[in-house]
Amino acid sequence: MQVQGFFDRLTGRNKEAWKEGRIRGTAVLVKKDVLGLGDFHASLLDGVHNILGHKEGVAFRLVSATARDPSNGGRGKLGKPAHLEELVVTMKSTAAGESVFRVAFEWDESQGIPGAVVVTNSNRSEFFLKTLTLDGVPGKGTVVFVANSWIYPADNYQYERVFFANDTYLPSKMPAPLIPYRQEELNILRGDGKIGPYKEHDRIYRYDYYNDLGQPDKGSKLVRPVLGGSQELPYPRRGRTGRAPTKTDPNTESRLPLLDLNIYVPRDERFGHLKMSDFLGYSLKAIVEGVLPIIRTYVDTTPKEFDSFQDIMELYEGGLKVANASALAEIKKRVPFELIKSLLPVAGDQVLKLPLPHVIKEDKFAWRTDEEFAREMLAGVNPVMIKRLTNFPAKSTLDPNVYGDHTSKITEAHIKHNMEGLTVQNALKGNRLFILDHHDHFMPFLDKINKLDGNFIYASRTILLLKDDGTLKPLAIELSLPHPDGQQHGAVSKVYTPANTGVESQIWQLAKAYASVNDSAWHQLISHWLNTHAVIEPFVIATNRQLSVVHPVHKLLSPHYRDTMNINALARQTLINADGIFEKTVFPGKYALEMSSVVYKNWKFTEQALPVDLVKRGVAVPDPTSPYNVRLLIKDYPYAVDGLVIWWAIERWVGEYLAIYYPNDGVLRGDEELQAWWKEVREVGHGDLKDQDWWPKMDTVQELTRACTIIIWIASALHAAVNFGQYPYAGFLPNRPTVSRRPMPEPGTEEYAKLERGGDEADLVFIHTITSQFQTILGISLIEILSKHSSDEVYLGQRDTPEWTSDAKALDAFKRFGSRLVDIENRIKDMNGNSALKNRNGPVKMPYMLLYPNTSDVTKEKGQGLTAMGIPNSISI
């Protein structure tokens, strides 16, 4: 009673009966501090003080969806302002920091049914409004306004903050009194004509080129080309920040200081969902300010190489010990030590101790087997590259007039003894030969790349045989370099084949490592960054600019955009920037993003559909009798098997949902917002490819269903498949090295003699050939963070707000989607327990769970942290 009395006095009122002509409501707000790195469990009284300010500090005015005001241009009638009243003290579970307030509105039936609310913040600080719920609305019952938005003091805006009820309307179906509000809100978000620089409170979605990666004002070494806006270096667009150009180059945007993570994204795109998500930016900052000095302190007091595999294991079993106490003290001053402690557990003087990667948890040596090397092409962190070999020897797509002949040097003589009784021609006809081909990817860049300090990179081809038991075995690896007399002369190549004993077995291990270096770089640069993060951002921007929040397609896609603009902005600031962590740890170095631009020239939106991709790579063939319309040629291909059923579930959900609003193609063609959205995606967001003939015309519901399925697939399942296995597979870097620094040892050299002697000496040759000690520690410190699920993760088949729509048909369809995903979870667990499916676990005994939806984990208890499982809705890390 004392607490209630405090609130009564604070709000200047006592509890009183609800009067006639009033609508009761509850508003859920979150104070500013809770979504930062302060006290996550701020006290209730602090929450009231920070949110309420004074009793009229937050005002709500309802807008009628059915009654027009002739004196206000026919807009919906506006109700009188209502203010936050007493805070609801409840023992029910509310998220940390949430406060629930009562609100009472003067409203009668003559004003019709509320369809929007205008919110005004007269306080000094912003707050986060989650929802406003009205009960007992005449003629309607319950009305829910889902805001999920930061509301700043009113003097920051030149417009009113308007939120719509959770009803869904095509533009032609929008209640007339609300149409002006719908149009004005879209104009505000477009911000056309507002060049910036944009402020923290801004909500502007505009496009820009990738022109903010370099720092020409700091010298030529930090100059990077502008990506996007040209045929030479095309690229998807990113969100505009409005920052000024550099002094040296007017085409390059100036950058914030490295450790300033307040790079502009529209306010509601910023991490505001707390805990691990919001913590990510600070973790990256901790790496730069905390981990780098620790690593340098460590490597400066020891040789700059690991001395053995046990030396590497010490990262997980013993940790790094910092001998220089003063250096550690300085680090503690520069970064709040709690951050480093949370990021990297501290035990005594063991400052950096990393969790044991899944790939070596059960067996420390199984990663070295040929079986595991091949299996990871089907169930590893980059399972999207393997292709069926259709010609032997393998052909090149490089222009022979420029590059000469790059036909593979692998001959039948190299592999016939290992073909399990098959001839090459029989194996080709029987769909038994496959290839991991990075030759053409890297060859045009190798001259430049190998001039970078510390690099000796080959372009690789790996040929594999599909065995009778459904597993793959490598037959040969071809390593190639540009011809010393010029690229027009083709390549200088050497072929290596499997061996189990002697120096040949050591050479074979190195050959696999060189091939893995290629695959690691391609994975990070193309499979991960370009094909998920970069290509999705234009859809995020276009959706917010052209589709109202009440549009059915906006409601369908918005969960799959959560945090994407923010993580991409942080990537530009600290990861893919000039001399950033990516350039420090992966071999293409400063040419990395330029390479990804060349690859983007051949990107096709329609080929991102999983069934299309599998057929294109030759690992599946069309089959109209299959529910997925394709049949896999590698039956035990975990990524494809799980991916196809996930794809099917997404496509079915999207089809059922869109059918509610688009009963025929004519309705779709007449949807002006949808048509403007697709036009902008094609002509602006992916504008460098706008003239390609593969773009869907967006004339049919089928085209929209396929397009939305592709968008959701990329943002959820594809990203999960290539992201959350990073630390589990590559956290032990010998399994997935990112750099090779020395050529393959040749007979007569000291390195070759060490390989002949075997044992520790041979191990050292391997260790000193791959990623350096500094690069290893920095790289795996980063991917540990990037492989973690946040504590507030929202998985496929879940929504962060249960009241995301008022449409019962849509809610029922979504429930069916969730049920299908839970069935898929059980199916995946059953397959992982089937010993006949050898690729599901492999020699390392690591079940393939990267496409396990984790929809059933509503408490988020199973899915938090480094789990190597779960499909989040969006690219949020």
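Backbone N, Cα and C define each Cβ position, glycine as well.
What Swiss-Prot says about this protein:
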BINDING   His528, His533, His719, Asn723, Ile877  Fe cation binding site
DOMAIN    38-165  domain 'PLAT'
DOMAIN    168-877  domain 'Lipoxygenase'
REGION    229-252  region 'Disordered'
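Locations of recorded Swiss-Prot features on the structure.
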| residue | record | DSSP (3 states) |
| --- | --- | --- |
| His528 | Fe cation binding site | helix |
| His533 | Fe cation binding site | helix |
| His719 | Fe cation binding site | helix |
| Ile877 | Fe cation binding site | coil |
I need to check the long-range neighbours of the region 'Disordered' (229-252): which residues 6 or more away from its ends have a CB within less than 8 Å of a CB in the stretch?
194-198, 204-212, 214-217, 223, 263-266, 269, 534-535, 537-538, 540-541, 565, 568-569, 572, 594, 596-598, 600-601, 684-689
Where's the emptiest Cβ shell within 10 Å among the binding-site residues His533, His719?
His533
Taking the recorded Fe cation site as His528, His533, His719, Asn723, Ile877, identify the other residues of that chain whose CB atom sits within 8 Å of the mean position of the site's CB atoms, giving them in sequence order.
Trp529, Thr532, Ile567, Val722, Leu786, Ile875
Those residues of the chain, 6+ apart, with a Cβ under 8 Å from that of Asn723 (Fe cation binding site):
His528, Thr532, Leu786, Ser787, Ile875, Ile877
Including all protein chains displayed, how many Cβ atoms other than that of Ile877 (Fe cation binding site) lie within 10 Å of its Cβ?
23
His528 (Fe cation binding site), number of other Cβ atoms within 10 Å:
23
Would you mind giving the whole-number mean pLDDT across the domain 'Lipoxygenase' (168-877)?
92
